[in-house]
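Engineer: When I checked Swiss-Prot for this same protein, it listed these features:
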- 22-77: topological domain 'Extracellular' (TOPO_DOM)
- 99-107: topological domain 'Cytoplasmic' (TOPO_DOM)
- 129-132: topological domain 'Extracellular' (TOPO_DOM)
- 154-164: topological domain 'Cytoplasmic' (TOPO_DOM)
- 210-220: topological domain 'Cytoplasmic' (TOPO_DOM)
- 242-312: topological domain 'Extracellular' (TOPO_DOM)
- 334-392: topological domain 'Cytoplasmic' (TOPO_DOM)
- 436-449: topological domain 'Cytoplasmic' (TOPO_DOM)
- 471-836: topological domain 'Extracellular' (TOPO_DOM)
- 493-526: repeat 'TPR 1' (REPEAT)
- 527-560: repeat 'TPR 2' (REPEAT)
- 561-594: repeat 'TPR 3' (REPEAT)
- 606-639: repeat 'TPR 4' (REPEAT)
- 643-676: repeat 'TPR 5' (REPEAT)
- 677-710: repeat 'TPR 6' (REPEAT)
- 711-744: repeat 'TPR 7' (REPEAT)
- 745-778: repeat 'TPR 8' (REPEAT)
- 779-812: repeat 'TPR 8' (REPEAT)
Amino acid sequence: MIAELLSSALGLLLYLNTLGADFCYDDSRAIKTNQDLLPETPWNHIFFNDFWGTLLTHSGSHKSYRPLCTLSFRLNYLFGGLDPWNYHLVNVLLHSAVTGLFTNLCKALFGSGCWTLIAGLLFASHPIHTEAVSGIVGRADVGSGLFFLLSLLCYMKHCSTRGYSLSSWCWILCAGFWAACSMLWKEQGVTVLAVSAVYDVFVFHKLKMNQIISVVFKEKNVSFFFSVGLLFAWGVILLGARFYWMGNTPPSFSNSDNPAADCEVLLTRTLTFFYLPTKNLWLLFCPDTLSFDWSMDAVPLIKTITDWRNIHTVAFYILLILLAYSSLKGSAIKRDCNGKVFMNGKQNTNGHSCQSDLEHKNAEQNPVIASKLENGVKHHNSHEMQLPSTENIVVLALSLLIVPFVPASNLFFYVGFVIAERVLYIPSMGFCLLVTVGARALYIKAQKNILKNLLFYATAALIVFYGLKTVVRNGDWKNEEMLYRSGIKVNPAKAWGNLGNVLKSQSKIDEAENAYRNALYYRSNMADMLYNLGLLLQENSKFSEALHYYKLAIGSRPTLASGYLNTGIILMNQGRTEEARRTFLKCSEIPDENLKDPNAHKSSVTSCLYNLGKLYHEQGQYEDALIVYKEAIQKMPRQFSPQSLYNMMGEAYMRLNVVSEAEHWYTESLKSKPDHIPAHLTYGKLLTLTGRKNEAERYFLKAIQLDPNKGNCYMHYGQFLLEEGRILEAAEMAKKAAELDSSEFDVVFNAAHMLRQASLNEEAEKFYKLAAGLRQNYPAALMNLGAILHLNGKLEEAEYNYLRALQLKPDDAITQSNLRKLWNIMEKQGLKNSKT
């Protein structure tokens, strides 16, 4: 157990610096905005939705069915909410456990010597694991790896006990159960069944390729083939259920996710897809350059035969074929330890375990599955079990390296990425085995101790360098800004775009704008980046430029509902109501089929309908507004916050004098969000209208309590008090409102009115002056300022404002009448003669 404990401890220690990290990249959608984690969402939704919370049968679903991983996120949320520390802790503990199990697997292959420990330490420290462990969504790969190893180890136990019916079949049942669990953590987990079959055929029974056919028809081998047949049948059942559950339809991805898959040129697709495994293997060999995302142009397409990367591809497949052939062809007589034979599965050579491949010479002529067969069953002496030969370990290592990678290879179906580092978590087990078995073979062949020591220390140095790289790379995953900055050299378009979002959230507006423009420099047709830049410009009142980028975003992706939404809002605010209406209508007609995030799309469509209803409402078309609001309610997704929509429904019914319906929707608004201030105010007005004055006052006071710094709340309460004849209280509320919202003309102007009604003319004058300053060319503001100055005896100032008001509105009868009265007073006081 020492090797397992040391390896697990290293796996734990190397990732301790991730515990203080934040949610990063895909964590946001899989955890922070995933409705399946919330307590109010039924538990069984996890088994019908994909990893991102989208219904699995939806055309826009990624078809990533990982319910056990999502369940673990939900448990994290249940006990710790959205505190990332808890999520990271689970990931680190899982990686430590996987490392221990992998080391235990190595013990079955290498014995209890140092090579087992080396393999375990290599796996614990390999930097390719940082995305899987440091990124919380990588838990899918780590968890799948845990159950993958449990399944494989159980099947190995089944092989060693075959013939003892009860224990043997218990082990194979456990292997099948853990395989299913592995697949339910992540899809590639099902490949453990194929790896188990490879172990049984080529490692446990040491069959060569030319021996497999000859043993199929021998009755004495029935138990062996029954085991392999069970693996095959269980795999078919799991895959069949998986395809059925996702609606028997493949996922769809955008061009940027996997450019080669979308390329129409067969040569380009073929060369690129053949090259990608080479690139993945290089990341395992030399994980110097890592990135959070390898999509878009991170790996340029190979378009011609003359591309120098094709040399890497050819070399890779030649070496792979030679390695597989040399391991499978095999002479039955191979020796690793100078012909020395193991006792109890071990032999010590200079303190390091190694083994012999000594087999009977007639093995090639008479292929036999078992060392001793009785009725087709292999019996074993558990005290004299030999360790697998080097060739056997290489075969198993290759199967661990290749088979779990096949689902990500684009061989059977296209995937939504070019390279994904976390996908290499399980294949890296095979890589670590290959490195270890290669180092061991060199160590055994080395004749001089100095060479042995050199090789040993070189291997130790590799582990140290891997560990240091892992710790440093973990630092990049500390927060999103560091992560995206680290990815600029690999995928500049994606990294700059995501960095822009982070900088914007930090209120670094100029830096964010620069980041968005850098992203568009590298890839000008990214709809999300065009939209994000437009949104940034809109929020900074650069409306014309914002409209330009929204138009480009919609041109790049015609289904971008959020682009239509914000375009419509700008047009509506600019008074271009007909253009806004057409924009909102077009948005509402966009279907959610084949969209990456259908829930976000539905939210944008619902918001478009809400704003279209508001547009009709402001134009007095209340019945049309209600029709649109009802459509919005039908289309809104679960995560949409409906309180504003319900409140506007109530407002429309109030304008149509359907008081009972209005009250229903006001209360629905408050049910959906009990602290929704507009609903408190509108419901308070309804209660006032229906004579429930005490109840109305409670709602107005509650609104003030919810937000004591919101002037509009004091103004509504002031109007209520004014209607109740409590004039001084009303004036005090109005004054408070104007002080809080001193830049809002309506609030300031109404406050001045209430203060004048309360005969607080000096205070009223102050706020009339403020209102006139806010709208300097508004005749009513100037006329009312003149009137209060008139009342306060400031006659010359009053005259000046009356005359300004008449310049703007010459035919205003009230202003003309007030001015004549003012002149009469001024004549009596000698301030003005009748000839002037």
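Here the Cβ of each residue, glycine as well, is placed from N, Cα and C on the backbone.
As the structure is a computational prediction, the values presented were derived from the model and not from experiment.
What does the local environment look like for each feature on the list?
Structural biologist: Along the topological domain 'Extracellular' (22-77), the predicted structure has mean pLDDT 90.
For the topological domain 'Cytoplasmic' (99-107), same-chain residues at least 6 beyond its ends with a Cβ under 8 Å from one of its own Cβ atoms are 3-5, 7-8, 10-11, 115-117, 119-120, 123-124, 146, 149-150, 152-153, 156, 429, 432-433, 436.
Helix, strand and coil counts under DSSP for the topological domain 'Extracellular' (129-132) come to 4 helix, 0 strand, 0 coil.
For the topological domain 'Cytoplasmic' (154-164), DSSP puts the residue distribution at 8 helix, 0 strand, 3 coil.
Beyond the ends of the repeat 'TPR 1' (493-526), by six or more residues, the same chain brings 25, 256, 291-293, 295-298, 480-481, 484-487, 532-533, 536-537, 540, 556 to within a C-beta distance below 8 angstroms of the stretch.
Only residues 6 or more beyond the boundaries of the repeat 'TPR 3' (561-594), in the same chain, are considered here, and those with a CB under 8 A from a CB of the stretch are 58-60, 252, 527, 531, 534-535, 538, 543, 546-547, 550-551, 553-554, 600-602, 604-605, 607-609, 611-612, 615, 619, 631, 635.
Under 8 Å from some Cβ of the repeat 'TPR 5' (643-676) lie the Cβ atoms of residues 606, 610, 613-614, 617, 622-623, 625-626, 629-630, 632-633, 636, 682-683, 685-686, 689-690, 706, all in the same chain and six or more residues away from its ends.
Residues 643-644, 646-647, 650-651, 654, 659, 662-663, 666-667, 669-670, 716-717, 720, 723-724, 740-741 of the same chain sit 6 or more residues outside the repeat 'TPR 6' (677-710) yet have a Cβ under 8 Å from a Cβ within it.
Within the chain, the repeat 'TPR 7' (711-744) has long-range Cβ neighbours (under 8 A, six or more residues past its boundaries) at 677, 681, 684-685, 688, 693, 696-697, 700-701, 703-704, 750-755, 757-758, 760, 763, 767, 770, 774.
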